[in-house]
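A.B. asks: Supplied in structure tokens, the structure appears directly below.
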Amino acid sequence: MCGIWALFGSDESMSVQCTCAMKIAHRGPDAFRFENVNGFTNCWFGFHRLAIVDQLYGMQPLRIKKFPYMWLCYNGEIYNHQTLRKQFEFDCQTKMDGEILLHLYDRFGIKKMASLLDGVFAFILLDTANRKVHVGRDTYGVRPLFKLLTDDGFLALCSEAKGLIDITHGMGTPASIVPFPPGHFEVFDLKPSGKVQSIQMEQFHCCRQQPSHAIYDTVEKLPISLDEELVKSNIRNLFENAVRKRLMAHRRIGCLLSGGLDSSLVAATLVKLAKEEKLPYPIQTFAIGSDDSPDIVAARMVATHIGSEHHEVTFTVEEGIEVVKDVIFHLESYDITTIRASVGMYLISKYIRQKTDSVVIFSGEGSDELTQGYIYFHKAPTPKAAAEDSIRLMEELYMFDVLRADRTTAAHGLELRVPFLDHRFTAYYLSLPEEMRVPRDGVEKHLLRESFKGLDLIPDEILWRRKEAFSDGLTSVKKSWYTYLQEHLESMVNDDDMEEAYKRFPHNPPRTKEAYYYRQEFEKHYPDRAQWLSHYWMPRWIDAIDPSARTLSIYKPEKDQ
């Protein structure tokens with residue numbers, strides 16, 4: 001996890017522009033660098049580093065002797081970099097996983113390079129010999145990237161939009177800042193002036209496709225039989241492989257643990273593999289909630305079962321409300337459920353950074369979207385409709401859960417890893433028949449649960465624990481976290497404001513005082529940027545006016561919560 005920033009064709013003094021890059025310094029607390037590209041007076045790279053792999057040679061922009069005309073700035077982890085080095089007999093100069101991008105680009109070109117990367121990434125690759133700038137982002141947008149492009153060809157790129165909003169340029173009209181689309185690459189011609197022209201934008205991978213790098217993976221081709229026992233075996237093998245490859249780190253690994261199915265499976269598999277790989281430290285797990293939170297109780301049960309070094313972080317409602325403004329600033333979003341869920345994740349990330357030496361943090365993001373884990377999937381009219389909505393959710397992850405997970409951890413200089421979004425795991429799961437993936441016997445994620453039944457990997461009570469939204473499980477069922485928020489914010493927005501909400505905020509107008517308050521705070525930092533969020537996250541197929549699962553008529557609380 002790092003922060004990347006680059007300008008091509010800036011008309012402004014670089015000292016003025018560089019202050020913008022400092023707005024993402026939290027992403028890389030270990031070191032930073034600004035560098036001008038030789039021979040291109042108005043092309044610059046900025047880099048904020050969190051050292052995870054190759055602590056000695058990992059500074060960027062990365063340049064190596066073999067390709068003196070290439071400059072690489074990237075944020076991410078390439079889990080198959082050693083496999084690809086051996087496969088293609090590349091002569092690598094550093095131990096950095098990112099160096100593989102230069103060798104793949106040189107041999108195969110940009111499209112094949114991007115499609116062979118097994119990992120999460122956002123990259124900017126400058127080829128001065130051919131006067132081309134290449135930009136790309138991973139399949140699910142696990143690593144963030146924003147783009148500013150003016151009509152006259154000034155290009156600015158940054159991990160977070162906050163590093164671009166104050167960039168100045170010679171044009172009178174404001175330039176649009178947009179999220180770079182996940183799973184795509186773009187190629188620009190670099191003109192002598194340093195300005196650029198886009199000549200190609202193409203998708204190199206989507207969630208339904210088997211990834212190109214699968215043929216070089218450590219798990220060989222899977223049997224294609226749809227026998228249920230074989231399917232469950234494949235799910236287990238691919239999931240374990242997804243966790244194992246993400247052990248790549250020179251810093252301590254920990255895991256978020258809410259006590260729900262997804263984070264529990266990640267934590268249990270991580271502890272098991274850490275012992276097999278003989279990591280020189282115990283895996284730390286981290287849970288957050290109020291004193292009577294069902295998540296805290298469930299996470300404690302899992303941690304005892306798997307033998308992790310467990311940390312519990314309790315927070316008061318007042319502490320949660322106090323950080324809402326900071327959370328909105330870091331998220332660059334006003335989505336209701338994203339903000340609610342981010343408060344707990346922001347506070348626990350702060351604790352991890354201040355009180356422990358864990359830096360690489362595993363989490364269960366992506367499972368609900370992939371395995372139809374949201375409670376509203378019980379109301380899907382057909383398996384086909386459920387499968388289509390699962391794909392929609394996967395494609396929108398970069399606006400919601402993946403955005404939340406990245407920004408709340410990055411705000412405190414931590415690196416997030418999400419094994420449920422492994423390319424091979426997601427492609428296999430989505431290739432299964434639609435009927436196999438729907439909730440069964442009144443239980444969501446039935447196939448995933450069945451795949452781990454009888455293994456004693458996690459306690460049975462957790463394996464079959466109902467879905468509880470992260471923001472809901474923070475507090476007891478008697479009174480949900482969102483209720484506390486709504487009560488507090490009721491006095492912060494008056495009725496007259498609500499009547500004018502549709503006029504003041506025509507795009508995604510807020511329907512509640514809570515939503516109005518979030519939008520108001522968002523606009524203070526990012527005025528006129530509401531288009532970054534195309535729509536609010538809301539349940540489907542049910543008359544919902546709030547994103548919380550606890551407001552749905554089909555929600556049934558666990559006993560004794």
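Just so it is clear, glycine is given a Cβ too, placed from its N, Cα and C backbone atoms.
Pulled these features from TrEMBL for this protein:
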- 2-191: domain 'Glutamine amidotransferase type-2' (DOMAIN)
- Cys2: active site, for GATase activity (ACT_SITE)
- Asp97: L-glutamine binding site (BINDING)
- Leu256, Ile288, Ser363, Gly364: ATP binding site (BINDING)
- Glu365: site 'Important for beta-aspartyl-AMP intermediate formation' (SITE)
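Burial and contacts for the listed features, if you can.
C.D. replies: Mean pLDDT across the domain 'Glutamine amidotransferase type-2' (2-191) comes to 92 in this model.
A 10 Å cutoff on Cβ-Cβ distances gives Cys2 (active site, for GATase activity) a total of 28 other Cβ atoms nearby, all chains included.
There are 25 other CB atoms within 10 A of the CB of Asp97 (L-glutamine binding site), with all protein chains counted.
Within the same chain, residues at least six positions away from Gly364 (ATP binding site) with a Cβ under 8 Å of its Cβ are Leu256, Ser258, Gly260, Leu261, Asp262, Ser263, Ser264, Leu265, Val266, Val418, Phe420.
Every protein chain shown contributes to the tally, and the Cβ of Glu365 (site 'Important for beta-aspartyl-AMP intermediate formation') ends up with 28 other Cβ atoms within 10 Å.
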A.B. asks: Given that the record lists Leu256, Ile288, Ser363, Gly364 as binding ATP, what is the largest C-alpha to C-alpha distance among them, in Å?
C.D. replies: 15
A.B. asks: Taking just the CA atoms, what is the gap between Ile288 (ATP binding site) and Glu365 (site 'Important for beta-aspartyl-AMP intermediate formation') in Å?
C.D. replies: 16
A.B. asks: Measuring C-alpha to C-alpha, could you say which of the recorded positions Asp97, Ser363, Glu365 are within 10 Å of Cys2 (active site, for GATase activity)?
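C.D. replies: Candidates kept after distance check: none.
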A.B. asks: For a quick check of packing: other C-beta atoms within 10 Å of the C-beta of Ser363 (ATP binding site), how many?
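C.D. replies: Step by step: centre on the Cβ of Ser363 (ATP binding site), count other Cβ atoms within 10 Å, giving 24.
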